[in-house]
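Student: Below you'll find the structure I mean.
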Amino acid sequence: MTLVGNFSPLVLVGDSDRVEAETVGAYLDGWAGHDKVRLATANAIKAILSGAGRLVGRIARGYLPGDPGKLVGVNSDQDQQKSIDVGSHNLFVELLIAAGVASILSEEADLPVAGKADGLVAVAIDPLDGSGNVGLGAPLGTIFSIFPADVEEPFLQPGNRQIAAGYVSYGNSVDLGFSVGEGVIFATLDPVSGQFHITRRNVKLPERTSDLAFNASVQRHLSAGMQAYVNDAFLGKDGPRGRNFNMRWLGAAVGDMHRIMQRGGLFFYVNDSRPGYEKGRLRLVYEANPIAFLAREAGGKATDGSRPILDIVPQTYHERSALVFGVAEEVDILGEYFVK
């Protein structure tokens, strides 16, 4: 019996045989116009989307060609690198250099990679967020931030100088969330055409949420104020918060970001008492910054517990930061506990 073959795709009731939604490429062309910095930004985003389309093809093949999770080295912070980490880094760097960017800062390289000498934008990127989930069917993603390259150290600028930011989520569909400073846009990759088509515009977070995303196994290591926040939430409608909360934790910042951008919620990964976690764990430049940019564009907030992420001036390329993001009201409430 043939289990798979060259069959036509499944068509559901209500499906259209033609995707007519605007492509991200067309949107970016219209946004950029003749502005040189905008054109450079658009070209960088297009390069990332091209890489995402190629990367998802390898992710989908799993272990068939070889082990994508094979350990092949360590990065600047001595985190173990998998084969797919290095491969995705090389892929995006190659495409971004071809797109004319000035420099690329990747989680997988100690120093920025030089690009075009007169390039107008610099790209900070985590080529494959959540690579610990490789082979498990759990979320993976690519997250990026684009800065003007008009200063000597473009990656040591505060996040409020970002021109654009976004992420690609590799799940049961390949979804893009991005902003060029004019609201958050969602798009989905059509595997037939190879194009990302826009599905939602001006995405906004709700005013209130009862969904929390954090690693509950480290609660005992949190500060007294943060433990009080968690305990009060877990008391539900019988506690001081007066309502029940749900908990979600996907183990990849892009996965949690994508869910929160669609359904609302609050994510936190803050500093705690464990060695190596004193300043938080996520990287400020290419994880916290793009998330904070998107949260702001969607009407939410992002802080390190007390300070707006977008106001923090990085001191090093791979600086770590605590991160709290999501629905603005809940970010503010957590902030009151954080400083206790």
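Note: Cβ is positioned from N, Cα and C throughout, glycine not excepted.
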Student: Need a hand: Swiss-Prot gives Asp126, Leu128 for Mg(2+) 1, which of Glu107, Glu108 is also on that list?
Tutor: Glu107
Student: Of the candidates Glu287, Glu297, Glu319, which one does Swiss-Prot list alongside Asp126, Asp129 as binding Mg(2+) 2?
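Tutor: Site partner of Asp126, Asp129 for Mg(2+) 2, according to Swiss-Prot: Glu287.
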Student: Starting from the Cβ centroid of Glu107, Asp126, Leu128, which together make up the recorded Mg(2+) 1 site, report each further residue of the same chain whose Cβ lies within 8 Å of that point, ordered by sequence.
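Tutor: So the additional residues around the site are Asp85, Ser88, His89, Ser106, Glu108, Ile125, Pro127, Asp129, Ser131, Thr142, Ile143, Tyr286.
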Student: Just to verify a number: CA distance, Glu287 (Mg(2+) 2 binding site) to Asp126 (Mg(2+) 1 binding site), in angstrom, no decimals.
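Tutor: The separation of the Cα atoms works out to 7 Å.
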Student: Can you count the other CB atoms that lie within 10 A of the CB of Glu287 (Mg(2+) 2 binding site)?
Tutor: 27
Student: Inside 8 A of the center formed by the CB atoms of Asp126, Asp129, Glu287, which other residues of the chain have their CB, for the recorded Mg(2+) 2 site?
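Tutor: Apart from the listed residues, the neighbours are Glu107, Ile125, Gly130, Gly141, Thr142, Ile143, Ala253, Val254, Leu282, Arg283, Tyr286.
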Student: Measuring Cα to Cα, tell me the gap between Asp126 (Mg(2+) 1 binding site) and Asn215 (substrate binding site) in whole angstrom.
Tutor: 21
